[in-house]
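Student: Submitted below is the structure of interest, expressed as structure tokens.
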């Protein structure tokens with residue numbers, strides 16, 4: 001009986017059928033990047049806000065004040081008495097009632113100097129010029145509540161982490177396309193609920209669930225694409241990530257055109273419902289069907305692929321070799337039971353963690369420069385395109401392992417050099433830091449490909465999902481590591497990043513080269529890689 005790769009070669013390894021499926025699934029990369037980076041615009045700092053004095057709303061209505069006039073009566077005395085206070089996190093400890101003069105509301109306190117007026121911390125009575133522009137103004141995530149904005153991003157990463165475990169497992173047990181479609185439905189529904197959440201608790205719950213389902217769409221579409229093309233075309237996985245970068249570049253345009261955070265949330269969530277149409281366009285992975293002893297269904301799909309590719313399968317392809325490995329529900333023990341699987345799993349988990357930690361750390365570090373948020377964000381996405389092009393140029397000529405290791409080492413050296421460059425040549429400091437961003441972006445994109453190629457079909461989706469869960473852990477830790485260490489010394493995070501990256505670069509050189517080899521079908525196949 002012929003093997004699956006032999007049948008795939010005759011049906012076409014990257015024909016019209018695979019190109020169509022590939023293009024359709026690439027759109028998932030765009031929507032995933034929207035959610036991944038959306039907090040930058042959903043949580044944009046409100047331009048102008050202050051703490052309202054009790055009774056000010058009623059007095060303002062009676063006196064016919066504009067918001068600017070109310071702000072002047074509220075904030076100006078604070079600025080006169082305390083130059084450092086802007087009225088955002090504290091207010092005058094007075095109550096305005098109907099007896100207060102519209103022209104001079106502070107007349108009753110005229111016997112005190114401005115510096116002696118009583119003050120109180122603000123808790124829940126903020127006024128915003130643009131009350132629905134971001135979740136910060138919607139849920140009062142300012143002053144003592146500002147840490148809740150970081151919590152919203154940590155919750156999303158926790159959702160990614162949970163999705164990697166649960167939906168990665170489900171895709172290996174119940175099928176790739178079923179879990180993909182259910183995940184798309186979940187992202188859309190949760191996204192709508194997030195947009196209309198009545199309070200911050202509901203917002204967090206459904207943002208977590210949106211993260212769970214979004215991770216399911218991203219990981220599953222990546223595995224489907226990798227499993228239906230030949231070994232020479234598996235770099236399509238890198239191209240999928242170029243669509244992620246494309247999404248990063250499109251997002252600031254969406255945020256610029258839509259003034260409210262609810263509108264942005266709906267714009268990045270609703271496209272997921274369109275992916276439900278893939279039920280009629282994208283088949284189940286035939287590789288997965290074979291591992292579940294469903295050879296007839298796999299063969300039917302292969303005949304359909306051959307037909308669309310203008311090919312014809314020989315009559316003796318009446319049956320395809322089915323893996324002799326007993327299929328059971330995958331578990332973490334399967335990834336560490338044998339010596340080489342154990343080594344590959346531990347190295348890949350460290351690579352995922354390091355890539356995410358450094359990538360997000362450098363993005364946040366470069367983003368703390370002020371300027372035009374929309375333009376800066378667009379440029380930061382455009383910087384990632386050369387990384388994908390470099391990978392496409394080198395990965396089939398040199399292989400996977402060397403570019404993987406070198407990109408990590410370059411990122412580490414760039415971080416170290418940036419830390420010790422003087423502040424009076426900012427252009428050089430920014431250029432070297434950008435080189436570090438380029439290196440870690442390459443490493444981040446290569447780890448997807450290598451991880452997919454090193455696991456057998458029976459464990460591929462679960463293995464990739466489990467290892468990539470360390471990426472989400474890195475994403476949770478990154479902001480805390482960056483800002484806490486920067487408080488000690490601004491460049492200290494770069495020193496940590498450089499050590500992590502160089503160690504990772506050396507470790508990945510211990511992985512086998514996977515250029516041009518067939519995807520392993522069983523654990524035994526993985527153990528035979530050298």
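Note that Cβ sites are derived from N, Cα and C of the backbone, with glycine treated the same way.
Positions annotated as transmembrane segment by TrEMBL: 21-42, 154-171, 178-198, 204-225, 237-258, 264-282, 347-368, 374-395, 402-421, 427-450, 462-482, 488-511. Residues or ranges marked as domain 'Major facilitator superfamily (MFS) profile' in TrEMBL: 110-516.
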Student: Honestly, do the transmembrane segment (204-225) and the transmembrane segment (154-171) touch, with at least three Cβ pairs under 8 Å and pairs 6 or more apart in sequence?
Tutor: yes
Student: For the transmembrane segment (178-198) and the transmembrane segment (154-171), decide whether they are in contact, meaning at least 3 CB pairs lie under 8 A, counting pairs 6 or more apart in sequence.
Tutor: yes
Student: Could you tell me the mean pLDDT over the domain 'Major facilitator superfamily (MFS) profile' (110-516), as a whole number?
Tutor: 84
Student: Would the transmembrane segment (237-258) and the transmembrane segment (154-171) count as touching if the test is at least 3 Cβ pairs under 8 Å, pairs 6 or more apart?
Tutor: no
Student: Out of 21-42, 154-171, 427-450, 462-482, which stretch touches the transmembrane segment (264-282) the most, going by CB pairs under 8 Å?
Tutor: 21-42
Student: Sort out the residues at least 6 away from either end of the transmembrane segment (462-482), same chain, that have Cβ-Cβ distances under 8 Å to it, and list them.
Tutor: 150, 153-154, 157-158, 160-161, 163-165, 167-169, 171-172, 215, 219, 222-223, 330, 332, 334-335, 345, 348-350, 352-357, 360-361, 364-365, 448, 451-452, 455, 493, 496
